[in-house]
Structure formats: C-alpha cells, structure tokens
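A.B. asks: In case it's useful when we look at the structure, here is the feature table from Swiss-Prot:
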TOPO_DOM  25-653  topological domain 'Extracellular'
CARBOHYD  ASN28  N-linked glycosylation site
CARBOHYD  ASN95  N-linked glycosylation site
REPEAT    98-120  repeat 'LRR 1'
REPEAT    122-144  repeat 'LRR 2'
CARBOHYD  ASN127  N-linked glycosylation site
CARBOHYD  ASN143  N-linked glycosylation site
CARBOHYD  ASN180  N-linked glycosylation site
CARBOHYD  ASN191  N-linked glycosylation site
CARBOHYD  ASN239  N-linked glycosylation site
REPEAT    315-335  repeat 'LRR 10'
CARBOHYD  ASN323  N-linked glycosylation site
CARBOHYD  ASN329  N-linked glycosylation site
CARBOHYD  ASN366  N-linked glycosylation site
REPEAT    370-392  repeat 'LRR 12'
REPEAT    394-416  repeat 'LRR 13'
REPEAT    418-440  repeat 'LRR 14'
REPEAT    442-464  repeat 'LRR 15'
REPEAT    466-487  repeat 'LRR 16'
REPEAT    490-512  repeat 'LRR 17'
REPEAT    514-536  repeat 'LRR 18'
REPEAT    561-584  repeat 'LRR 20'
CARBOHYD  ASN571  N-linked glycosylation site
REPEAT    585-597  repeat 'LRR 21'
CARBOHYD  ASN608  N-linked glycosylation site
TRANSMEM  654-674  transmembrane segment
MOD_RES   TYR791  phosphotyrosine
MOD_RES   TYR836  phosphotyrosine
ACT_SITE  ASP849  active site, proton acceptor
MOD_RES   TYR897  phosphotyrosine
Amino acid sequence: MKLSFSLVFNALTLLLQVCIFAQARFSNETDMQALLEFKSQVSENNKREVLASWNHSSPFCNWIGVTCGRRRERVISLNLGGFKLTGVISPSIGNLSFLRLLNLADNSFGSTIPQKVGRLFRLQYLNMSYNLLEGRIPSSLSNCSRLSTVDLSSNHLGHGVPSELGSLSKLAILDLSKNNLTGNFPASLGNLTSLQKLDFAYNQMRGEIPDEVARLTQMVFFQIALNSFSGGFPPALYNISSLESLSLADNSFSGNLRADFGYLLPNLRRLLLGTNQFTGAIPKTLANISSLERFDISSNYLSGSIPLSFGKLRNLWWLGIRNNSLGNNSSSGLEFIGAVANCTQLEYLDVGYNRLGGELPASIANLSTTLTSLFLGQNLISGTIPHDIGNLVSLQELSLETNMLSGELPVSFGKLLNLQVVDLYSNAISGEIPSYFGNMTRLQKLHLNSNSFHGRIPQSLGRCRYLLDLWMDTNRLNGTIPQEILQIPSLAYIDLSNNFLTGHFPEEVGKLELLVGLGASYNKLSGKMPQAIGGCLSMEFLFMQGNSFDGAIPDISRLVSLKNVDFSNNNLSGRIPRYLASLPSLRNLNLSMNKFEGRVPTTGVFRNATAVSVFGNTNICGGVREMQLKPCIVQASPRKRKPLSVRKKVVSGICIGIASLLLIIIVASLCWFMKRKKKNNASDGNPSDSTTLGMFHEKVSYEELHSATSRFSSTNLIGSGNFGNVFKGLLGPENKLVAVKVLNLLKHGATKSFMAECETFKGIRHRNLVKLITVCSSLDSEGNDFRALVYEFMPKGSLDMWLQLEDLERVNDHSRSLTPAEKLNIAIDVASALEYLHVHCHDPVAHCDIKPSNILLDDDLTAHVSDFGLAQLLYKYDRESFLNQFSSAGVRGTIGYAAPEYGMGGQPSIQGDVYSFGILLLEMFSGKKPTDESFAGDYNLHSYTKSILSGCTSSGGSNAIDEGLRLVLQVGIKCSEEYPRDRMRTDEAVRELISIRSKFFSSKTTITESPRDAPQSSPQEWMLNTDMHTM
C-alpha cells in the first residue's frame, strides 16, 4: 500500500512538471510569435539589419533588442530605440504580457498607437518619442498601472490628453511635448501625486491650468510652453515649492506676478515666462531664488524698473527681459547694469526693446568676462560707448542699435575679437570706421548703417571671411569702394547706399556667388556698371539708382532670382534689354530718368505698367498701353525713287529746316523738363518706389482710378489735406466703395508723404487703423507723375464732422450726436491703435498728426486712425529730414494738437502722439477746441480743463456718468502734460479708459440708447455746470 501511494505521488509530480513545461513552452511560443508579427510590419533603413537575427535559427531571447527574464524566459524588455525602423506598430505587441520596458524611440513608425498596448499591465517604461505616430493617445494606457515613465513626445498625435491617465498613480515622467494635442489640461492629472516631470510644450492646448495641479507636490519639471493656455499665472503652481524648472512661455497668460513669487518658489533654477501678456512689475523677491540660473520674461507688458536685487543671483547665466515697457524713459533705467555686474556667471543679457533711458554707464565694462551676448538695442540710451568696453573679451553678439548713442567708437572696442554680430545701426555714432573691425575675423553681421560715420571704408574688412551682412548705408562715407570687401566669398547682403562714394564700382563683385542683395544707391558712383555683376547668381535685390552710371545695362540675364531692380536716376543709355522680360522672378523694375532709347518690351514684367517705371527716357517708344508711350515708327524699306525737281528740292529743304528747328525746340524743352524733374526728385529725397511699394501685390492704374472717381469729379470730393485731395470712388468689377487720396506732387514734401504712408503700412495691421487697400504710382493722361493711395471707405466720416455743430448736416444720421459712451469707445479705439503703433509694431511708428479729422468712423462708429503721410518709423529716424522736409503745418504739428517739443525742433516720438491724443480726448469731452479764441499764451485747453477739475471732488458729479467723465478728462490731462517724461503711456491710457468704461459706462442704457430715449448730461453740459460752479 505504501509502495502504491509512492508510485501515484511520483506519477502526479511528473505529470505536473510536464504540464508546467508545456505551458511555459506555449507561453514562450506566444512571445516569439508576437515578435515575429511585429517584425513582419517593420522595415529597416540602415545597413545593420538588426532584425535579421529575428528568426527560428536562434532563441528569441538572444535576438537583438530583446531581453528575457531568467526564471520564465519571457520577454521583459523590447529596446529598439534609434534603429531607424519604419512601418507600423503591430497590435501583437500587446501579447508580450511580461513586458516591463518598451522603447521604440527615434524611429519612423507611423499610423496609430495600438489600443492593445493597454494589455501590458506589467509595463513600467514606455517610450515612443521621435516617430511619426498620429491619432489619439490610447486611453487603455490607464490599465498599465505600474507605468512610471510615458514619453510620446515628437510625434503627430492629436486630440486631447486622455483624462484616464490620471489613474496612473506611480507615474513620475509624462512627456507629450511636440505633438498636435488640443483641448484643456485634464484636472484628473492632479491625481498623479508621484509626478516629477510634466512636459506638454509645442502643442495646441488651451484653457486655464486647473487648481488640482497644486497636488503635484513632487513636481520638479513643469513645461507647457508654446500652447494657447490663458488666464492669470496659475495659482496652483505657487504651491509646488519643489519646482526647479518652470516654463510657461509662448502662451496667453496675463495679469501680475505675485510680489512674494521668490518666497513661494525658492528652488527654481529655470524660469521661462516669455511671450505672454503679463503686466505689472518684476517681483523683487526673485532675488530670493539663489539657485536661479536662467530667467526669461521677454515679450510681455511689464513696466517699472529692472530690480537691482538681480545682482544677488550669483548663479544666473541667462537674463532675458526683452520687449517690455521697462524703464519708463527714466535716466535711472540702466542702474541695474552695475548690480548684475555681480553675476559672475552671466553669459546672456537681453534688455532690448524697452524704454530704458539715460547714458550708457561705464559699469557695463564690469559685466562678467563670460558674457557672450549683450542686447541693449531699441531703447532710449544716450551717451558714448564706454572706453573699457574691451573688457568683455568673450562677447560674441553686441546689440546697441536704435538708441541715441554718439561719439566715436573707443579704441578698446578692437579687443572684442570674438564678436560675430555687431548691431550699432540707427544711432549718432561718428568718426571713421575703425580698421580694427578687420581683426574680428569671426564677424558674420556688421550693421553700422544710419549713423554719422565718415571717411573711407576700411580695406581691412576683407579679412572678415565669414561676413554675411555688411550694412553701411546712410552715413557720410566717401572715397572709392575697396575691392577687398567684394572678395569676401560668404557675403549675402551689402548695402552702401546714401553715402558719398565715388569712382567705379569694382568688377570683383562678380565673385560674390552667394550675394542676395546689393545696394549702392544715392552715391556719386560713375562709369559703367560692372559687367561681372552678371555672375552674382543668387541675386534677388539690386539697387543702383541715384548715381552717374553710364553706358548700357550689363548682362544680367542669368540672374533668374532677381525680384527688385532699380537703375533709375543715372545716365544709362542704349536699348532696354529684351531678356529683362524673361526673368521669371522679376516683380519691380525702375529704369526711369535715364537715356534709354528704342522699343519697350511688352511681355514678362513689362505687362504690368505699375511694376515698371520708365518715365524720363525721352527716346523710348512702344510698351503696353497703360505706359502711354509714343508708338514706335516702322521704317519703310528703301526703294528706287525718281530724282526731285528743283522746286521740290527747295520745298523739301524748307520743310527739313522747319522740322529741324521744331526738333531742337522739343529736345531743349525735354532736357529742361528732365533737369527740373531730377532736381525735384533730389529735393524730395525720393527713394525708389519699387522697394517701398513692393508689398502691394496688385496696384491699380491711373485709368482705373480716373474711372472709379468719375474723372476725379468735384461731386466725389470728400476731403482735402496738406498734400492732396480725397475722392470717393467705386473700384473694380465688384464696385467696392473706396477713398482715393490723390497727391499734389507740385507741393513740396508730397512725394515724401506718399512714401511715408507706404512705408508705415508695410507689415502693420490693426482693427483701428484705416486699411490701405492698394496704391498707384504711374503717369496721368498728360504724362505727369501721378501718386495715389486707395483706402477702405469710412461711411460715417471723420470725428471732426461729429464734433463740429456746423458740419452735423454732413453726417449720415444727423438727427443725433455722439453719446458719452460712444465717445469713450472712440477714444479707446484711437488709444488702442496708438498702443499698437508704439508698442507692438516691429518698428515703432510715431503718427505725428493725431487730430479729429484724421479719425474716421465706420458704420458701427468704430474709429480708424488715418493719414500716415507724416508718420515716422522711429527706428529709421532721420533728424535732418524731420526738421526740413515738412512745414510747420506738417509733422511739427497741426496747431493746437502738436506736442510743445515739436515747436522747438524736437524729434518725432511716441510721446508726441500721446500729447496729441490727450488734447483730442479733452476736446471730445469738454466741447472746446484747442484753438478756441479764449485760449492765449500759457492758457490752453490742458490748463483750462485742469483748473476746472481742480475745483471739483471725486463725488462732485451728479451721477456715475459725471464721475466717469471726470476720470476720462483726468486721463486727457495726464496725456497732455507739457514735458514728455510726465505723460501717461498709451498702454496705460488704454487700460485706464477701459476700466472707466466698465465701471461707469457698462449699462445697456448708457451704451446703446440714444439721448432721446435715455436723457443724460452731455460732457459739454457737465463741463459748463462745473465751470460755473467752480470759477
């Protein structure tokens, strides 16, 4: 019996082992089959053929990329990262039930992530980054409860982040960056209390960050940059004191940062908040974050000063505060430089595009010797470049452009031998260009344009063999162009325009095969244009106008990339080459004011009369009809003729004599006309239309505008200005209602007014700026120059029409006047337009002529600022041009609206616009014009309103409307202060007026009902009552 039991036990044990072995073999077969199915949908783009080992000749646990467990010999790791595999991820991968690590990163897998990945309940590490995956993130991943790392970054995944991921309680790293994810930030992710890294950057997510994020107390790295998140700075983040890296850049966050920011997040090493809408001041408590290494809050709306406490951040190596409103134009705006000199690790400092004023301090030379990038451009910095600037021996990028720097470059500047980029343009730096620039052999960009440099161009620049950009235009350089600079093989752009250079243009230019743009216009160059220029095969822009070049146009037929060419105002002769019509990219061609002869082509660019200018060439003919050139005479073939009689010979001689005399008179008249024309052009300083007008894709002809305005009929005349008349017209096949401003070119400065409007509208667009539809630069029916600008028509006329009682009959709806709320809306529109021009344009613009007649209203009474004929691009400012080109009724100001400093020769500025806006605001809400006869001497609209308000208290008004009007007038007073430094900024004015509107003018009755339906005191009545009460 005992023996029988032992036999049975052994038999059962053996049977169990056989079953286990069979089960293991079956499971192993399942893993192998899953791997082979995965391989079947994959191909390789490399020579290694790593999957070649995946076959039956060897155990699958020995296959490349496969790791098995020792006990069960099941696949626990599939690591194929970086093998350059293509194809799709097979759903069979979900059968590897013992898998703990799955790494398919850095391949080219496409299609979607299989839902069956959710079967891998033992999975701890999942990395499918840097592939071509698309579709949704599978919600089934929530079944993989042991996951600690999920990296799906750098794919094309879309839709939202699955809220189910919030159940992965062990997740430490979640990286979904660089995809196409949309939707909101899931509140359920607040359950991931083990999360240390979250990266959602480079997606399209939106909404606010939920408060549940505050529970992520283990978080070290939080990055959601380059999305569309909004709201204030997420309050939840203030609770995560463990944060070391925080990036919210390139979103739409707004509001102020808390003053105790640095106390709440003391462990930060990286803080990136750039390109949002944050306002207020930079928290001084940031100095408490002693570990801070990189801080960037560029491109926001911050104001105030740059904290001196930054000097305590000894680990700081990157400080970016570019493009804000810091400094307030104060002379103390640069004091922080002395403080950050204590940041001995500093490598990058960018405070450009702010309002930093005062002289450039000598302490700049005490900045860290590790500093490689220094950006102070686009501010209001004056003084000279300090003599010890050469101490910054590691400097690679130096940006001081568009300030008010003067004096000569110091000798020590030549010690900066590591410089690669030098931006000094648009200052008042003088002296000769130092030869030591030739020792900076790493230079790539040298921008010295728009200064007061004189003397010769140094030959030593030829040693800068890596130079890409060489900008020296708009200085006082003389002498010849050194051939050495035209032997720099890397040159892409060279601009020597607007100087006093003489001699021939060197033939060495033909060696610049990479040259894209060449400008040598408005110099004193002579001789023939270099024939070798035809070898610059990459050329797109060629400007040689305003010189004394003669002879024929060189052969540029191989320059197939040419877009803009200007050879005007020279002495070029011969025929216009036909191959110009065959250049496929040519969009603008100016050959005017030369001595060309013969037939003008009619194909290619010559088909468009508005893209080609040939006026001032007296011996040309043909061309398209719109050019209005004389027809070409076809010469008859010679034939045998009978001898003339004596009488016929006498008659013929007399006719020939008379014809010769007439010809002499005509030629003399044309020469006089050309000379006068050239003189007028020179006095106007007219640059090439082709470059400025290149932004308008479709220009209209004179004939089209002539027809659209019924031959510029007086019945269509809707306004007159300093430089011309404005007509109403119906343009194009759709009869679009437009306003056509025709310039009177006989009036001095009119051409510059035309160019100023074109230049200003290049690249700007705002709902409160009048829309410039197109332009016309052509000849009229009599062959005279014709310039016109075509705007969107504003049916409600100008604000001036509404403000003047004598013009009310011209308003469409003359039975009513503007309500206080409507006036406030208009004021906000104007202020918003100015804020855009002053702050948000790439090149800030000063309008220089804000007044009621330049504020146009559409059907909804939305205001549009118009008439940019006097506008100044502040970063291209030319003081002499400002002082001389316009009359006192021009840019120096319309009397009553112009800033006081303009009357003393001050330069155009955004502060001048603020003054004009303040006067406009006072006029709108006081009922008095700034030119009222009661004003004399120092007693003006500003002082009048100020004296009225000083006699009333904040509760002096009879109702909320009156209180609102009082606050509006206070804004007008702050904007129209005598001294620019005391005036309110446009962005402050916008915020203040919006706040007043929301508090005092937000009711439905106030905004929408007319005075007949909802009686209320007008601003004029309120001022009158207050005046009588207080005077």
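Heads up, the Cβ atoms here are built off N, Cα and C, so glycines get one too.
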A.B. asks: Take every residue in the topological domain 'Extracellular' (25-653), average their pLDDT values, and give the whole-number result.
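C.D. replies: Across the residues of the topological domain 'Extracellular' (25-653) the model's pLDDT averages 93 on the 0 to 100 scale.
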A.B. asks: How about long-range neighbours of the repeat 'LRR 15' (442-464): same chain, 6 or more residues beyond its ends, C-beta under 8 Å?
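C.D. replies: The answer is 396, 401, 417-436, 470-482, 484-485, 487-488, 495-496, 501, 876, 878.
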A.B. asks: With DSSP assignments reduced to helix, strand and coil, which class does ASN323 (N-linked glycosylation site) get?
C.D. replies: coil
A.B. asks: Return one of helix, strand or coil for ASN28 (N-linked glycosylation site), based on DSSP.
C.D. replies: helix
A.B. asks: Please report how many Å separate the Cα atom of ASN608 (N-linked glycosylation site) from that of ASN127 (N-linked glycosylation site), as a whole number.
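C.D. replies: The Cα atom of ASN608 (N-linked glycosylation site) is 57 Å away from the Cα atom of ASN127 (N-linked glycosylation site).
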A.B. asks: Taking the Cα atoms as reference points, how far is TYR897 (phosphotyrosine) from ASN180 (N-linked glycosylation site) in Å?
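C.D. replies: Counting only the Cα atoms, the answer is 51 Å.
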A.B. asks: Quickly jot the same-chain residues contacting the repeat 'LRR 12' (370-392) by Cβ under 8 Å, restricted to those at least six beyond its ends, or write none.
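C.D. replies: Residues packing against the repeat 'LRR 12' (370-392) from afar: 317, 322, 327, 329, 333-334, 344-362, 364, 398-416, 418, 423, 429, 875.
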A.B. asks: Per DSSP, how many helix, strand and coil residues does the repeat 'LRR 15' (442-464) have?
C.D. replies: 5 helix, 7 strand, 11 coil
A.B. asks: If you run the three-state DSSP split on TYR897 (phosphotyrosine), which class comes out?
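C.D. replies: SS state of TYR897 (phosphotyrosine) = coil.
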A.B. asks: If we count other C-beta atoms within 10 Å, could you say which of the glycosylation sites ASN28, ASN180, ASN191, ASN323 has the fewest?
C.D. replies: ASN180
A.B. asks: Looking at the recorded positions ASN28, ASN127, ASN143, ASN323, TYR791, which has the shortest Cα distance to ASN180 (N-linked glycosylation site)?
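C.D. replies: If we rank ASN28, ASN127, ASN143, ASN323, TYR791 by Cα distance to ASN180 (N-linked glycosylation site), first place goes to ASN127.
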A.B. asks: Let me spell it out: for each of the glycosylation sites (ASN143, ASN329), count the other Cβ atoms within 10 Å of that residue's Cβ, using every protein chain shown. Which one has the most?
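C.D. replies: Output for this query is ASN329.
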A.B. asks: Between the Cα atoms of ASN143 (N-linked glycosylation site) and ASN95 (N-linked glycosylation site), what distance do you get, rounded to the nearest Å?
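C.D. replies: That comes out at 14 Å between the alpha carbons.
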A.B. asks: Long-range neighbours only, meaning 6 or more apart in sequence with Cβ under 8 Å: which ones does ASN127 (N-linked glycosylation site) have?
C.D. replies: GLY81, LEU102, ASN103, LEU104, ALA105, THR149, ASP151
A.B. asks: Just to verify a number: CA distance, ASN366 (N-linked glycosylation site) to ASN28 (N-linked glycosylation site), in angstrom, no decimals.
C.D. replies: 70
